[in-house]
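Input: a single structure, listed below in structure tokens.
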């Protein structure tokens, strides 16, 4: 599909990095966030085909912000960490082309649900352990090393590693970084906030979760953003259940963000997750009129990203790291949930 000129890029997923998605939908639909797909099957191209420049304003990294906080700068990225041969790897790791969002809902049987619970619990344990490492002076690369080791010691594979060329086992997004921060040599500083996004592949199923942690003494403005972002996720999960419209998730999150005058990032979405890392449904975190209802025994993520200032993203030249255009703080929380007859079960909760 990469060479078909009539096809236009359409959607950025929650974890796509330097990959374009193509479908038969016109490009303008991307900017209107018209995500009605009518069962369009999508694939990724390793060439970005200008999509990054269309979606993300690339700005000079030397722009300055107020004197209270230094603008985030990239550090040195260490070599990719090895994974023992006995660890089962997701199919995309050895592929020359990263997968996109797979069309079609995955509805789990009893065994699938058990596997999802196991991967979700492990992801949650790793996430919480990583949070204990957040201290001034600790580098995000050190956090990545600890996460990597804990995952493989438990017989699982760190899902981000090798996904479309992503070089690390976890995403670490500090301060104005909205998502997909690459762990590097930068030491955390007192007052930072950091989102740690963990996904594990265990027994053929992915468990996906993230949380934003405080580093040292964090000011009240940052604390409030983090607390409200967590509240938005909790409220969204509370309304989920069989037959509920997906669009209600976006309304709940957007309404709470508006109440506190926060921005809601639109370019990144929640998604189905299971035996495939990213699948239907596409879960929007802002108000929308998209069709679709939740189905018993399906699993998907909800992962709102709220900002104090501009909700518009800038992508760094690494084609992964996404930051707010005005360097304002961003926070995110994420859970994988299972739709049950009584509502929703949080799978990524210890």
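Including glycine, each Cβ sits where the backbone N, Cα and C put it.
Since we're looking at a predicted model, the values are computed, not measured.
Looking at 50, 165, 243, Swiss-Prot tags one of them with N-acetylglycine, and that residue is 50. Segment annotation: Swiss-Prot labels region 'Disordered' over residues 71-90 (candidates 71-90, 91-110, 111-130). When 180, 271 are compared with the divalent metal cation 2 site residues 208, 303, 334 in Swiss-Prot, the one appearing in that site is 271. Residues 61, 63-65, 139-141, 144-145, 148, 152, 155-159, 161-163, 167-169, 174-177, 182-186, 201, 203-204, 206, 277, 316, 318, 321, 323, 327 of the same chain, all 6+ positions outside the region 'Disordered' (71-90), place their C-beta atoms under 8 angstroms from a C-beta of that stretch. In sequence order, 160, 170, 171, 172, 173, 179, 180, 208, 209, 210, 332, 334 make up the list of same-chain residues 6 or more apart from residue 197 (divalent metal cation 1 binding site) whose Cβ falls under 8 Å from its Cβ.
Most other Cβ atoms within 10 A: among the binding-site residues 208, 334, that distinction falls to 208. Under DSSP, the residues of the region 'Disordered' (71-90) split into helix, strand and coil as follows: 0 helix, 0 strand, 20 coil.
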